[in-house]
Structures are given as C-alpha cells and as structure tokens.
C-alpha cells in the first residue's frame, strides 16, 4: 500500500484553501456583475455554482450511505442535514485531515506490515477520504469551473473591457482545473494497486495535455457563441447527447442505484463536452483519437467561418490574438497528449495481469464498490 505523506497533507490543505477561495471569488464576481446591471451574467455564475454544489452533495451523501451502511440512523440524519445545507464536502475534508494527520506524523517504518495493522488501516482510510474528495472535485471542475472559464472568456471577447475581478475569476478557474487534474491522477495511483506514483514530470505533462486542449476548445466555443448564442447552445446540447449516448453504450456500473447511475452518466456527458473521459479503464486509443480529431475539425471549422464570413463581429486584432491562442493551445495540447500516452500513461506502469482485467463487472460488484470506488471512475 502506498503511503500518505506530509507532502500529500500539504496538498490536501492547499486544495481546501483553494476550494474556499473559489467560493469567495464566485460570489465576489457575481456581486460585481449584479452591481453593474449585468444580471444575466451574475445569475449564470450563481447557477453554475448552485448546480455544481447540488450534484456533488448528492454524490457525496450517496457515498456516505454506501460506506456507512448499517450504522445508526441518527448519524446518517446529521450527515443528511449537513449535505442539505451544501456543506458535505467539509465533512470529507475533516475526515481526510483527521486520518491524514495521524498517518503523516506517525508513519510506520515497516513496509511489510499487514493491512490488518491499525496504522495501515488508517493509511487506507486517509487515501480513500482524499480519493472521494478528488472525485467530487472532478465533478465540480467540469460542472462549474470550466463553464465559468468559458463565460469569462466570452465576456472579455464580447466587450473588450476588463476588470480585476474578471482576471481573478479566470486565474482561479485555471488553478482549479490544474489542481483538480493533478490531484485526480495522484489519487488514482494511490488508490489502485497496479499504479505507480505520479512523478513530477508526469504531472507537468498531464497538465500541459489537459489545460491547452480545454483552453483551445473553450475559446472555440466562445467564438461560435459570439457568432450566435443559439448555434452555440445547439452545439453544446448535441455534444452532450453524443457523450451521454456513448456513456450509455459503455454500460457503466459506478453507482448502486439506477437513478444515481443515470445521474452519473449525465454528468459524464457534460464532462465529455470539454475533455476526454475514460469511464471503463480500458485502452481507448481509437476513442480518444476520434474525440480529439472531432474537436480539431470543429475548431478549425469555427476559425474558417470567422476568416471568410463574420470577421466583422469582433475586431481583427482581437480575432488574430484569439486565433493564435486557439491554434497554439490546440497544437501544444495534442503534442503533450501524444507524449503522455506514449510515455506517462498509467498503462505504461500497469502490471500485465492487471492491464488485462476488465474494470467493471457484475460478479462481486457490491463488495468492490465499497473497497475500490475508483476502479469504476477512471479519467485518463
């Protein structure tokens, strides 16, 4: 079993600080737009925040119910009330900090200690607590942070006037996406026995694959939104339908209940609008190639439309900057995507017998949900 170290504890505290700061920035930006009479933008920011919080609380509470099955009802009622007031994530941070501090400052020197050893049990509790937090933060990233980044970039492109709070929102969005992606991969390797540690170079390569591809796609969607909000909405809905349909065909078994499974598939469909999401843990070379080839074709098509049809919508100098940013981000992201999947992908370090195993299945499903939830939630 991998160790929960003091460095992991520092990252956990840092993630909690950024999470709280992000909430503050969201309400600050929304209030600024409201004071300026931009009520629709203010409401959109609050809607992204509310939707993200609602869905993450639902998943968090369901996971508590699954993990604490058989415990006293009074305890679960208290947990329900905390989640009802949208504070469930802080319970998870409390447990993660509690277990994390115990193992980070009282680590056993024996590497061969059995899993029944109390210190090893707490070690697993700490890793599982952080893993659940990072899964919820992935949901938040694509339900709130990424859409807000799209909104802020669209506002800047439409009006050209910038304010400090807009830059603050964009910076917080980039920080949130980056930290969420890295923490996710760290938890993946710590939670699954067939994964190696996420080395420093791997972290940089992964971030430089994810962030540029997401940025390029967001600027492309912002351009099509400038052209027509209706076309942009239709495109996003169409992409969600494609992602949701693909998820249905994968026959995922992440949740115990059917309703929660469909909610999970709905969320995955939203995530697939912005980034590739591997929900089965299998080799997906063909799927990811089709996915990013489609994004590249749509991005180039949008730029083509602006060059030969509607260039007058935005200033030429602005379009030049946005076009260069879009193309360079796309090229950079694709390059790092190839490098990551060639040299830093988890299957590079995976044991042969583990790589050949199917992640999802029917036999033994009930037990594995409790002990290895991450086996049913893989994004690569």
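If you go along the chain as it appears here, the first residue is 1 and each next one adds 1.
Each residue, glycine too, has its Cβ placed from N, Cα and C.
Summarising the annotation, TrEMBL assigns transmembrane segment to 9-29 (among others).
The annotation transmembrane segment is assigned in TrEMBL to 41-64 (among others).
Per TrEMBL, the feature transmembrane segment maps to 76-95 (among others). Sequence-distant contacts of the transmembrane segment (76-95) (same chain, six or more residues past either end, CB-CB distance under 8 Å): 12, 16, 19, 53-54, 56-58, 60-61, 64-65, 68, 125, 129, 132-133, 136.
Below 8 angstroms of C-beta separation, residues 11, 14-15, 18, 21-22, 25-26, 28-29, 32, 130, 134-135, 137-138, 140-141, 145-146, 148-149, 152-153, 155-156, 198, 203, 206-207, 210-211, 214, 379 of the same chain, each at least six residues beyond the ends of the transmembrane segment (164-184), sit close to that stretch. Residues or ranges marked as transmembrane segment in TrEMBL: 164-184 (among others).
Annotated transmembrane segment per TrEMBL: 231-248 (among others), in sequence order. Below 8 angstroms of C-beta separation, residues 221, 224-225, 265-266, 268-273, 277, 279 of the same chain, each at least six residues beyond the ends of the transmembrane segment (231-248), sit close to that stretch.
Residues 55, 58-59, 62, 138-139, 142-143, 146, 210, 213-214, 217-218, 236, 239-244, 246-248, 252-254, 284, 287-288, 291-292, 379-380 of the same chain lie 6 or more positions beyond the ends of the transmembrane segment (260-277) yet place their CB under 8 Å from a CB of it. If you look up TrEMBL, you'll see 260-277 (among others) marked as transmembrane segment.
Residues or ranges marked as transmembrane segment by TrEMBL: 289-309 (among others).
The transmembrane segment feature in TrEMBL is assigned to 321-343 (among others).
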(message) Are there residues at least six beyond either end of the transmembrane segment (321-343) with Cβ under 8 Å to its Cβ atoms? List them, or say none.
(response) 157, 202, 205-206, 208-216, 219-220, 222-223, 285, 288, 292, 295-296, 299, 303, 306, 314
